[in-house]
Structure formats: structure tokens, C-alpha cells
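Report on one structure; see the data block that follows.
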Amino acid sequence: MAKAKFERTKPHVNIGTIGHVDHGKTTLTAAITTVLAKQGKAEAKAYDQIDAAPEERERGITISTAHVEYETEARHYAHVDCPGHADYVKNMITGAAQMDGAILVVSAADGPMPQTREHILLSRQVGVPYIVVFLNKCDMVDDEELLELVEMEVRDLLSEYDFPGDEVPVIKGSALKALEGDPKWEEKIIELMNAVDEYIPTPQREVDKPFMMPIEDVFSITGRGTVATGRVERGTLKVGDPVEIIGLSDEPKATTVTGVEMFRKLLDQAEAGDNIGALLRGVSRDEVERGQVLAKPGSITPHTKFKAQVYVLTKEEGGRHTPFFSNYRPQFYFRTTDVTGIITLPEGVEMVMPGDNVEMTVELIAPIAIEEGTKFSIREGGRTVGAGSVSEIIE
């Protein structure tokens, strides 16, 4: 059979399954592919094909993640499923799998459990914007009232973490029965995917967001001016566009892009993903440096103090061997550069052990262009000891 061509006709959405261990995340992932395969919209994947997730490295951290893809009438989906709880924590904090929405799997027989709560909190902290609930194993619960009770508990838990618990779609089903081909339960998988189609909005494409490019290198071209190079992270850039140089100094510097080059050829416009050089009007070589960003004026601002959700590497992952305390001063690596910062742990948390996942407040010694959801690494003497995601800007 010839290899099928990837059709880019449908909008693309990234989703994933989250929830407590053994509540049925991987079985549900298998059931979705199997049910959709009958409509010719997916390749059926068995449980053990998904469970044997390959290891990947993201920011120096090893994470096991399974990726499957499938389609509905409306959209094309990339779906991530992680075998272990630690993989979810690392995945969400590093942004290895950026989710536009998540399917929270809760066993109707057990109700919400500790990792149910932790995954909802992580979703809130790292900016997973929408959650749809699949109450699994409903074939094992005969009591209708018990199902309603579990549903209420899940809705309350979502509301507690600022998700709209009353509005979130809750589908009651059985992933295993659907996987085995029981039509009554297969119908619930279709219902779930309809809810995902309708409730989780299609994300804005990177190209449509305001322009931003982290600066990797700077050089001057005699007679022409200063060029900043880097990979466009989002948006588009045209010759003549006004931009700001942001970070590492108190005030952003305004300038205009007078030329855009890619592979030594002149371009009219660059877009997200392109590696370019931008010629900056009236900027001297010493006014711009690696670690700053070029951005659409007013779209992103420099900050020094923020709250973040952080995963601390274990010593097996190449991290620290010992815990750290408040006032720890490592390097925070944002995009292209390291900046020293001082850590303050939350009240009641005395120290952080390797392998922990913790919220902390960070104060940088120089301002950096950041916003909620910006990812960073924590480094010590050049090696990565943690990974984080900005959850709230303080100043």
C-alpha cells in the first residue's frame, strides 16, 4: 500500500490524556484510535503499542511519551499519552507536548485520586486551556446515583483550580468495552470526540500570533548596520516593520527592520520557524545582545519576578544529588541565555529534593521578556538541574 499523503485540509489540534494511574488513560487512547479506525479516520493502535512509549529528550530530560494521530469529521488530532506519572509532570512542565486541551480520565469506580488533582493543578499552572472529562469504567458501576456523585466531585475539583467545572463536558463510558467492540460503549467514544471537537477551540496558529524572535547572535555589516539573527518563534516579520528589542535592560529599545535575510537571500517576509537575520535601523552593535528578543511593539514586556511550576531533575537524570533551599541562586536559561535568579520556596516548604515538582517564586537579576507559559531550564555550572514554566508574573 502506498504511503498516505498528509492532508492539511483540516485544522490541527494537540491533545492528550491525563489522570490518575490505572484509571484507563492508555486504554482510552487505544479505544479512540480503534473506534475511529472503523470510520477510516485513524490507524487502530493496541494498548501495548501505546504503552511501549519511546523515550525522548527535551531540555536534557528523558521523557517517555506515546504519540498517536487521528481525525474526526472536523479536525486532525495529535494525541499524547504518557506511561508514568513522572513522565506527565516532566512533559507538561517542559512543554515537550504542548496541549491545546486535555481529556481527563477518571475511573467511575474509584472517583478522583491524588494524581487526578495533581494533573488538574499542572494543567492550570502550565496553561492547558481546556479539559474534557471521560468518566471511565462506567460498566462496573450499576448505581446511577454513585455516577452522579463522582461527576459532581470531578466538577468541584476542576472549579477548585479555576476551570469552569459547571460547563466542562463529562462523558460517561467504558474504554475497555469500546475497545472490545461493544456498540453501546463505542457510541460513548464518538460522543467524547464530538465533545472534544466542540468544546476545545482550534488554537491560533503560531504564524498568526504577534511577532517574536529570540536573538541568538549579533554582528555589524559595515555601511549597512547591525544584524540580529535567530529563529522566528511566532508571527511574521516584513521589511519596514517596527520592532522592540526587549530584555536585559530596563527599557525596551524601539527600532525598524530595514532588511530580512534567510540563507543569504533577501526576503519580503519571514514567518514562524524561519532562521533569519534582521537588519535593524539606527542600532549600534553594543545596543543589542544574545538573550534579548525582537518583538512586535507592546506584545511582550520584560520582567524580573514571577511564580513558576518547576520539576527538579533526579541525580540519575544528571541533576543535583542534594536538596536545595530558599535563596538558592542558580542560572535560569530563557530561550538563548542564562540569567542568575534567586529562588523563594512557598511557605511551609523547607527544601526541594531531586525528583520533586514544586511551585516557587523567582527573582532575576536582569529583566527578561517573559509571559505566562514561558518555559525555561534551571542550570548550575552549565548542567541542567530543573525545568520550569512561568505560572504568574509578579513584576
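Cβ from N, Cα, C; glycine included.
The domain 'tr-type G' annotation in Swiss-Prot covers 10-204.
Counting only same-chain residues at least 6 apart in sequence, those with a Cβ under 8 Å from the Cβ of Cys138 (GTP binding site) are Ala108, Leu147, Lys172, Gly173, Ser174. Under the DSSP three-state reduction, Cys138 (GTP binding site) is assigned to helix. Swiss-Prot lists 19-26, 81-85, 136-139 with the feature GTP binding site, giving sequence analysis as the kind of evidence.
Per Swiss-Prot, region 'G1' is recorded for 19-26. Counting same-chain residues at least six beyond the ends of the region 'G1' (19-26), those with a Cβ under 8 angstroms from any Cβ of the stretch are 47, 50-51, 66, 81, 83-85, 104-107, 110, 112-116, 119, 136-137, 175-176.
The feature Mg(2+) binding site is assigned by Swiss-Prot to Thr26. Over all protein chains present, the Cβ of Thr26 (Mg(2+) binding site) has 23 other Cβ atoms lying within 10 Å.
The region 'G2' annotation in Swiss-Prot covers 60-64. The average per-residue pLDDT of the prediction over the region 'G2' (60-64) is 82, rounded to a whole number.
Marked as region 'G3' by Swiss-Prot on the basis of similarity to another entry: 81-84.
The region 'G4' annotation in Swiss-Prot covers 136-139 and is backed by similarity to another entry.
Residue with the densest Cβ environment among the binding-site residues Lys25, His85: Lys25, by other Cβ atoms within 10 Å.
The CA atom of Gly19 (GTP binding site) is located 10 Å away from the CA atom of Thr26 (Mg(2+) binding site). Look at Asp22 (GTP binding site): DSSP puts it in coil. Other Cβ atoms within 10 Å of the Cβ of Asp22 (GTP binding site), summed over all protein chains shown, number 12.
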